[in-house]
Each structure stands twice: as C-alpha cells, then as structure tokens.
C-alpha cells in the first residue's frame, strides 16, 4: 500500500511539473542583499505599472525633482495633460532609488485636496529592445542603446507653482490671496503631519497650483515617517523621542536652524520653518534667507531673527554646530517686514520662524492665529490670471523685464496730464493695497501753473440727470457700436443685502441672547402629532410606523432605573457579556451572571415587588369608593379585643370570664398584637374594652396588593398574589400529573415562557 501511495504521489508531482534548474543565489555587493537572477523573456512585463509606449507622450520639461526630471505629457487615450516625474535607473544592476520608493509609498497613503495625488506608475522599455516599435531604424536604436531605463510617476498637471507665481511680473497678489494660500498650505502640511510623515523639502517650487486655485504640496522625495506622537496645538509631531534622522535634508535656503546646527533628533517643526520662509517670500518675491554655504546660512538666519540666548533656545548649546550661537545679532524682521504686515502678521511670522523648534507654532495652531481673522479676510476662492508659471519660466521672466525696460518710450514732460493721471492711479492702487506708513503730503492751496494745461481743461462730472438721446444719436448707435460711449449711472441701485441676524447660529462670537427658551412640544402620540405630510413619526408614504419593529418612541428609559440589563426595548436581548475573541481570548470564561444587579430604588425586603414610596394607604374619597360587585374585597378580618388589666378587680365575674376567653383567643392568634394609644373606651355592658378597628381601604390597588396580604397569599412561593400553579389549573406544576399535563396538545403554551 505504501509503494502504491508513493507511486501516486510521484505521478501527481510529475503532472504538476518539476523544477529542472534552480538559479543560483547571488549577493549584492553594495547592499548585501541576496537575490536570484531570473532569465529574461521576450514578452517581458512589469506587473503593477502601465507600459509607457502607446499610453503616454512627453511634451515639455517643467523642472528638476529630487531624483528625476518632471515633464508635461499627454495621456493618449483621453488626451488629458499630466505631469510625468521621471525616475532614472542608470544601469541594469542598479536598484530602484529608495527615495522614489518612499515617495510612491507615501503618496499612496495620502488623500487630501492640498496634497498632490499619484495617478499611476509607468514603465518605459529601453529603446535598445524596442527600437523598431519607437519608429527608429537600427542606427538610431544602436545609438540610444546606452540610454537609461526609467519609471514615470503620473501626477495631475498643475498650471503653475508658487515660485513661478511670485516671479511672474504680470501676477499681483493681494493680502486676501496670500491668506488664502497660507491657509491651504497649513491645511495640507497639518494633514501630512497627522498622518505621521515629515515632508522635509518645503519650498515655493514644491507647492503647485491648479486651474481652480487649489494649492497642492508635491515632491515627497525626501519625505519619511517619524516616530512618536502626532502634533497637537502645543507640541510638534515626534517630540520627546530619541529617534535620529539625517540632518542633510531640505533646500539650504529653507533649512531650519536646528538642521543648520546639525541636530539629528528633529521633529515636524522643520516643515513649519519652511512655511515661514514661504510666507515671507510672498512679500519680497525672492527667498529671504540666501546663504552661500551651510555656515553662512546660520549667520543669515541669526541676522534676521537674532542670536538665540539660553532662555530663547535652551538646547542650542548641546548641538554640534553650537559655535554659531556665540555670535551677537539683533533681530531685524520687524524693520524688514513691518512695511508689509500688521502686528498680528509680524507675530505669526515670528512664531513660524521661532529658533526653538518647541516654541514654533504647529500647523493646526497656526490656522487658528488671529492674523487670519482680521481684515482683509482670506478669499474663499483663489482667482489668478490663466497663465502657466513654473520654476523654469523664471529666466524667461527676467529676459522679458529687461526687454520691456530697454524698449520703453521716452518719458513724458513733468506735469503732463497723462503722467499726472497715471501717478494718481498708481498712488491710489498703492494706498489700497498697502497700509499707510506715513501721512501723504498736503496739497498746496495755489496750483502750479504747469499742472493745469490750457488746451485740455479737466471736466467735472455734471450733477444733472442723464438726458434722453436725440434721434441723431439713436440713428448713429443703430449703425454700429459706439466705442467711446459712456454708460450713464443707474438712477436706482439694487437694495443692499441684509446683514446676518445676531445670534450664535450666524456669529459665534456674539453675546448670548438671554431669551426665554420655548419648551419642546410634548410627544402626545402618533395620532395627535402631525407634520406637513400627515403622521408625525413618518414621511408622506403612510403608516409605516405601525409596521416597523421599533419606531421613534424607542428606546425609552427604565421606569425605576434599577435594571442594569434593561435596554430600552422591553426585553433583555443579551443575557451574556459580549467579548472579542481576537483581542480578549479569556473573556469567554469571565462571563458575568445573568441576574441583574439591583439599583438603589429597589427594596429587597420582599421579592418581586417594587415600592414607589414608603407611606401608609390613604382612604378613598366618598365619591370614589369601589363598587363591591365589580371589585369584591376579601373577607373582613375578625375583631380582636384586648383586656384592660388595670380595671379587672372592679368588674363582675362574667366580664372576667369574657375577657379571659378573649385573651385566650388573642394568644392563639398567629398575628402580632397591636396596641392603639388613641383608641376610645367602649362603655358597653362587657366592660372597658379596647376594640381594634380594621384599617381603612387604600387608594392605590397596587399598594393594597403589596401591603394588604393575608396568610394564604404570603405563604405562596415567591410571595405572589396569585399562585403560579394550583391543583385545579391546567398546567399543574405543583400538583400530581394529570391528563392535561401529560398531553402536550392540551398544555398551556404560556407555561413555557
């Protein structure tokens, strides 16, 4: 049998196929990794990526990335423009760059409107293999045989980046535009930091802008994850950990001071420093900290923000480059940017460019800075001229500016009307865009004779209403468009929009409105409360409420608030404790009992009874005495008489005998003796006897059941008013088995529940 089984196993293995040749295990010299070199096939295919040929086409180079070039391309199937980031693999044995692997992995894990999106990856076959497919002859294919392999990261095409926008002379940014851009940058970097990543290359060239005015943070070639807690309103991400990273990151002009001093235990605050540099670059249109070397970069930083003291930055003395902190520079950022920013703007700039990374603002705290809530408020949507502005266009902008300066017409004589109007327009624009740094010069009372030419007097606008056009003017206007016709001002303007009403709904900072609050409508039930469509609880389709399992009235509260298992639906849906087998494997052995834990309102002196309050029964009003025919009361208790022992000697023997008989009756009774100090003496023939009157009927039938029980009721198990089973009942739990109990067809179904 064993030989037959082994033969079957060998036959089965042969049918699957045997490995004829095992490739040798090789070892990479640089990385020390072991790998297997597989033989190439003619139909080579890289799985997980798209083939470049036949799907995409390069058009124009846009810029240079960290480890590759960026091109503008076209997706041939949809004719949509895309940005193609080329990742170069130089030789056949070269590994895929680790920075590109990080960038692809991080972009796949990010999804935010202010972070660039990775569409797909594309693999370009080397032209040496597919020269004919590229439309090349053999000579062209052999000439380009040594070209490098390349992967492409396909990204959405952006019309501009921030460096091109700032250097474009035809684009002017207002303060509302700058605030909008800053908020978008802070939202994007806050999302990246909360996802436990550091960008480590924040600069204007890596902040892109699409045609809708949405900024997107790009170029994650130097990004990586960090260790520690994510940022909050006070501390940056990764604070308080011993993790060490490389300090040679970030472009030099945007490098934080802790990186300049050689700190390897940095946090997400290095990205906030770059955002502060970008914020200041909005106003000077050029990088604000242009150091020539790494040491010079530290001097440039301290010249702007001042040399840090021990109180400003306590840990600076322990960094490798602490010699730079021995300089003595005073901060000059207020003199440099005070002409552009208000006090709140300067405060935001100084906290973004704080030398101590732990005193630097986090992104979520910077978004709540009061600079963004003062006038002018940030624009809701960014609208810029539709012109492509990339980093590669900066040189072209400089050439255009030189050409325009050299080709300017000769200047007009001083005091000319055209020059005067142009200077007035420029001054008005300047005063609208920037706050006054000094008062404008006062106008002289006597005008200069050259300022008012005689040939072209200035016409003042007339205050008369516009006249009706003549027939000649109407005939002229009907022939064609009148180029220099001015539209008269409208006689009636549209009404101004009403301001938002005060209150917390429209203005959160408004004082509270101390008005009486209207109480909520009492829920009277479905047949009393209605909406516009009919039933209060449903929509217009009808009585769906009456067929649902549970409606809006559920879950309701427990009446006495003492049942821990009460779930609001009138039944105990789960008598056992829920547990997660994957997380707590031992919970199945730690089940709590089904018996509920009684609350504070439960009185356990008698079982299965709930007491509302501890009070004696109140008598019925005379008009509400229950009808004995409808509500038969139990048999009245016999009157119990007690002997007054102080007066036995002064009575007759008959009275003594009667009292003795009554005393024996009392002694044989099973009920406790109750004396009443307020009982009146009975002056009958039998002597002075204290008569015990029965208690008055109680008002609440439920309390009558609880307090007014006799011996028969209290002797039943559980203290129930009615016994669960009697010999006469059909279920006969406490009696001998009968035909009804043995026959399952005659058994009451209620007994099982």
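Glycine residues also receive a Cβ, built from the backbone N, Cα and C atoms like all the rest.
The active site, proton acceptor annotation in Swiss-Prot covers 201 and rests on sequence analysis. Of all Cβ atoms in the protein chains displayed, 23 besides its own lie within 10 Å of the Cβ of residue 201 (active site, proton acceptor).
According to DSSP, residue 62 (ATP binding site) sits within a strand segment. The ATP binding site annotation in Swiss-Prot covers 62, 63, 64, 65, 66, 67, 68, 69, 70, 85 and rests on sequence analysis.
According to Swiss-Prot, the feature compositional bias 'Low complexity' maps to 420-462 (among others).
What Swiss-Prot lists as compositional bias 'Polar residues' is 476-485 (among others).
Among the features that Swiss-Prot reports, compositional bias 'Pro residues' is placed at 491-502 (among others).
Swiss-Prot lists 605-614 (among others) with the feature compositional bias 'Basic and acidic residues'.
According to Swiss-Prot, the compositional bias 'Pro residues' annotation covers 619-636 (among others).
Here Swiss-Prot flags 649-670 (among others) as compositional bias 'Low complexity'.
The compositional bias 'Polar residues' annotation in Swiss-Prot covers 675-691 (among others).
Feature annotation from Swiss-Prot assigns compositional bias 'Basic and acidic residues' to 744-753 (among others).
Swiss-Prot lists 56-372 with the feature domain 'Protein kinase', giving sequence analysis as the kind of evidence.
According to Swiss-Prot, the feature region 'Disordered' maps to 404-519 (among others).
Here Swiss-Prot flags 585-753 (among others) as region 'Disordered'.
Neighbour density for residue 70 (ATP binding site): within 10 A of its CB lie 22 other CB atoms from the protein chains shown. Shown in sequence order, 85, 86, 87, 88, 100, 150 are the residues of the chain, 6+ apart in sequence, with a C-beta less than 8 angstroms from the C-beta of residue 68 (ATP binding site). With a cut-off of 8 Å between CB atoms and residues at least 6 apart in sequence, the same chain places 70 near residue 64 (ATP binding site), listed in sequence order. A straight line from the CA of residue 201 (active site, proton acceptor) to the CA of residue 62 (ATP binding site) spans 18 Å. For the recorded site, residue 68 (ATP binding site), the DSSP three-state label reads strand.
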